[in-house]
Amino acid sequence: MQNLLEALVSRSLVHDQTPGLQARLAQGPITGYVGFDPTADSLHVGHLLAVMSLAWLQRCGGTPIIVVGGGTGMVGDPSGKRSERPVLSVEEIDRNVAAIRAQLERFVSFEGQNAARVRNNADWLRAIGLMEFLRDVGKHFTVNYMLAKDSVKGRMESGISFTEFSYQLIQAYDFWHLFRSEKCELQMGGSDQWGNITAGAELVSRKDGASVHGLTFPLLTTASGTKFGKTEGGAVWLDPARTSPYKFFQFWLNTDDRDVERLLKFFTFLSVEEIAALLAEQARDPGKRPAQRRLAEDVTARVHGPDVTRSVVEASRILFGGTDLRAASADVLEVLAGEIPSATVTGDELAALTVADLLVKVGLAASKGEVRRGVAGRGFSLNGAVLESGDAKVAAGDLLAGGYALLQKGKRNYALVKVR
């Protein structure tokens, strides 16, 4: 069975590690955890490095623990933050925890010998009293030690509340609790979590005289220098209600050539050899972008499932060429309807409207005069066929699957009409 550290290093997924981790992994599989902040009801692609690390841990024989911060979520981690986060209610956090667990099921198995486990740190943090916490945790850390952490130093000028200042002690207590209760010996997280992770290892060492380990992932930025996972529209979410599967697919498909090798290593389970073969194919015919297509299909299928991915891929082909519209299913056209301008008409309305009326209705033309000029220049089409006259009408037999008609202006402007 592959060694976890070797697997992660081969994919450039390790930024830092505590001494002795390699020796510990050589002894056999390990139980490890990653913490997730439950301030939203969905993970986003910025969380996927952590999620993939848990998946690799399980593939290498280890037992992954997902710690959802129901307790720490009520405090707020200052790491990488310029201001204090809003405090959520217990009810909000519980709803978010349930939603996040459902998303993680796409990546790790909750069945079998080394089944993944979900833990909410509120279960143990709510049970400990202040005096007990100060006695059992606080006495093991000096204020100087806590002030030296980058997550704290970065906030000293702007101000940091005692609530956030104490966060590293609470996360340290998580690590100690999991070590005691579940023999968890590894915590993983982003590079900004290094201070919190080492605080936990320090607490375990001081209280139990044992060695536990930490591993962090690199900060992921794109070749253009922007933070990975951010678009003009904001974060790219795993929840289809927040980011549609089509937009999710397009996010990965639009990966810069300079980033695609790294993202294939980070976010797929393709072997290093398979990735090299994809890149060689891409070098022979860059226009087809096989590496980006495989990346987009692989990640979308894992997050949204293979059926949704097939519909999304087909919808993408409709807009960018390479498919027969008549063969498109109603599901595929429904995906498109959520991504391009659309209008719904009744059968009676369709019979009364010309194609020019429909083009104006969906916003592809400002007026019938614009349609006439566009038709003269062969600039409009209906279901892939160049429009010869704006006065034509769409018959029932002209409709695509599901009662759709696809209108097009130029090469890249589309709209759908749905007949109900």
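Each residue, glycine too, has its Cβ placed from N, Cα and C.
Around the Cβ of Tyr33 (L-tyrosine binding site), the same chain contributes Pro64, Ile65, Ile66, Val67, Arg119, Phe175, Leu178, Cys184, Leu186, Gln187, Met188, each under 8 angstroms and 6 or more positions distant in sequence. The feature L-tyrosine binding site is assigned by Swiss-Prot to Tyr33, Tyr167, Gln171, with sequence analysis given as support.
What Swiss-Prot records for Lys230 is ATP binding site, and it gives sequence analysis as the kind of evidence. Annotation for Lys230 (ATP binding site): same-chain Cβ neighbours under 8 Å, separated by at least 6 residues, are Val236.
What Swiss-Prot records for 353-419 is domain 'S4 RNA-binding', and it gives sequence analysis as the kind of evidence.
Across the residues of the motif ''HIGH' region' (38-47), the predicted structure has a mean pLDDT of 92. The motif ''HIGH' region' annotation in Swiss-Prot covers 38-47.
Distant neighbours of the motif ''KMSKS' region' (227-231): 44-46, 220-221, 251; these residues of the same chain sit at least 6 beyond its ends, with a Cβ under 8 Å from one of its Cβ atoms. Look at Swiss-Prot and you will find 227-231 tagged as motif ''KMSKS' region'.
Helix, strand and coil counts under DSSP for the motif ''KMSKS' region' (227-231) come to 0 helix, 3 strand, 2 coil. Around Gln171 (L-tyrosine binding site), a 10 Å sphere centred on its CB holds 27 further CB atoms from the protein chains shown. The number of other CB atoms found within 10 A of the CB of Tyr167 (L-tyrosine binding site), across every protein chain shown, is 24.
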